[in-house]
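Structure first, commentary second.
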């Protein structure tokens, strides 16, 4: 049997801390205890016993985060004669997760102890020594998969780095011996850990040829842990006191935001109540009195916005992303995304996004038909009349023109819907994938995987998008407006600068962002770092709070805009609702500055993909904000008498 090995570029600041432990002279030089206290998911792996367990090596080298990863044998490790390099067939999610597994060099037979088993010998050239030295200096670490579950270990250590910044005093050592502790219960393997021997090292400080001899030890030990409970260790991703601090931080943030929201809600309700009383009194007292405030613009408030097709497409994309998020949360809450279920999340995201494209098509086309309600009605009445009353060629040509114009508008709307989110995402991916190819990183997707994604988008996403649009067209209803829109719009009065779009977006996006910024750190550490996030119930609570606060602050912003007699609230409510996505992207700058990331690939991957994620949040929260504002506007104008 073999164990699967993977090489990663590890966090610099994390490994620098670990170096203190690896040079302390303790027997378990690979600081598993320290790693466990920092990240419980490290240190061990579980697997089910079979007579011949294949071993694969995940070919990743990661510096600070997973997007910069390389193949295991990109470093000049020796390959034993008995090892036949064999690549494991990966599913779509594993490929998207940057896993490229190849057979590893270690033989771990069930219940067979091995003491200082010779792995292989190799004479390292000067160039190979320099290559290993650069890897040790940048804190490379490997990741081994034994029956699909991981074990980690540093490949070397740097001495004197904590004492001085002068590199000429640094000493570089490569670990030559790894010790495996494997625990079993009856015929089940329960746990496996890896420790590096601090005394079995190879000095890489000088540029000279050296003889390297690699070995390993395997010890099997019995345990009382049941096979059914083997994953409990991975689910505890934080120490109890850290988890308690996490909960207290979230509760404190939620209470603070809810108090502020409740305070603003109370004020808004009192103001609305006074407005209703005032307008009712004005109607009874003086009918010809000039109207002021939001009632004054009742003939313009439901005037449709500019760029109706783009607006409807944005709402469709936002509805699809919201549906996608809900399904992902449901799968997470029922335990689908358990630790080290490699690629499950990426597979779910791709498949659910493809299947929910019908939601985008239906929502976008339905709303577009409502916004074009008058034009649609006239065209279809004309079309029906001409079909019923004439068969002359000239009339047939007129019917064809109307049909083509109608279908052209629908096609344009669906194209907008299909490209509004996927377009920027595809362009970003093409650029970043080219960067990964130039770096020879496993983050670069193979051509076959790219073609598979294109086929999914072509054969699943596009047809469902069109079917959703057709269903919406056939079941279209008119726009429900409680007030009649006047023929000519009223002039909007000159407003102070802080009532313009950008200041309103800044004020509106801050409160929802403050509700989630505590949780953002843990999410970023999970996405871009080595921590595993499993407290999905807490994340779901924060998400629900985000939706509530976004809806409320957007409604409040819309009210104050209408009270200032500004009737162009459609796009404003969408932009204000989605402005939280801009705050999240601003937080990316703060996280990047503190993270220690460097290099063009890391920077481009981080800001490129985070731009796509924040853009998705912008569309989703913008849709939530507009829908809440639309319900609010309809409610307040139904509550008064409009001529």
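Glycine too: its Cβ is placed from the backbone N, Cα and C atoms.
Annotation comment: TrEMBL describes 245-268 (among others) as transmembrane segment. Residues 238, 511, 514-519, 522, 535, 538, 541-542, 545, 548-549, 552-553, 555-556, 559 of the same chain lie 6 or more positions beyond the ends of the transmembrane segment (245-268) yet place their CB under 8 Å from a CB of it.
Under the heading transmembrane segment, TrEMBL lists 310-338 (among others).
Annotation source TrEMBL lists transmembrane segment at 344-362 (among others).
According to TrEMBL, the transmembrane segment annotation covers 414-437 (among others).
For the transmembrane segment (443-467), the list of distant contacts is 66-69, 92, 95-96, 98, 350-351, 353-355, 357-358, 360-361, 414, 417-418, 422, 432-433, 436-437, 605: same-chain residues at least six beyond its ends, Cβ to Cβ under 8 Å. The transmembrane segment feature in TrEMBL is assigned to 443-467 (among others).
What TrEMBL records for 505-524 (among others) is transmembrane segment.
Sequence-distant contacts of the transmembrane segment (536-562) (same chain, at least 6 residues past either end, Cβ-Cβ under 8 Å): 246-247, 250, 254, 257-258, 261, 264-265, 268, 271-272, 293-294, 297, 301, 325, 329, 332-333, 337, 499, 504, 507-508, 511-512, 515-516, 519, 523, 569, 572-573, 576-577, 580, 621, 624-629, 632-633, 636. Positions annotated as transmembrane segment by TrEMBL: 536-562 (among others).
Per TrEMBL, the feature transmembrane segment maps to 574-593 (among others). Beyond the ends of the transmembrane segment (574-593), by six or more residues, the same chain brings 311, 314-315, 501, 504-506, 508-510, 512-513, 516-517, 520-521, 524, 528, 546, 550-551, 553-554, 557-558, 603, 606-607, 610-611, 613-626, 628-629 to within a C-beta distance below 8 angstroms of the stretch.
Residues annotated as transmembrane segment in TrEMBL: 605-633 (among others). Residues 65, 67-68, 301-302, 314-315, 317-319, 321-322, 325, 420-421, 424-425, 428, 431-432, 435-436, 443, 508, 512, 528, 546-547, 550-552, 554-555, 558-559, 562, 569-570, 573-582, 584-585, 588, 592, 597 of the same chain lie 6 or more positions beyond the ends of the transmembrane segment (605-633) yet place their CB under 8 Å from a CB of it.
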Sequence-remote partners of the transmembrane segment (505-524) [C-beta within less than 8 Å, at least six residues beyond its ends]
246, 249-250, 253-254, 256-257, 260-261, 531, 533, 538-539, 542, 545-546, 549-550, 553-554, 557, 575-577, 579-584, 587, 591, 621, 625
If we skip the immediate neighbours and take only residues 6+ beyond the ends of the transmembrane segment (344-362), which ones have a Cβ under 8 Å from one of its Cβ atoms?
91-93, 96-97, 316-317, 319-320, 323-324, 327-328, 331, 336-337, 414, 417-418, 453, 456-457, 460-462, 464-469, 471-472
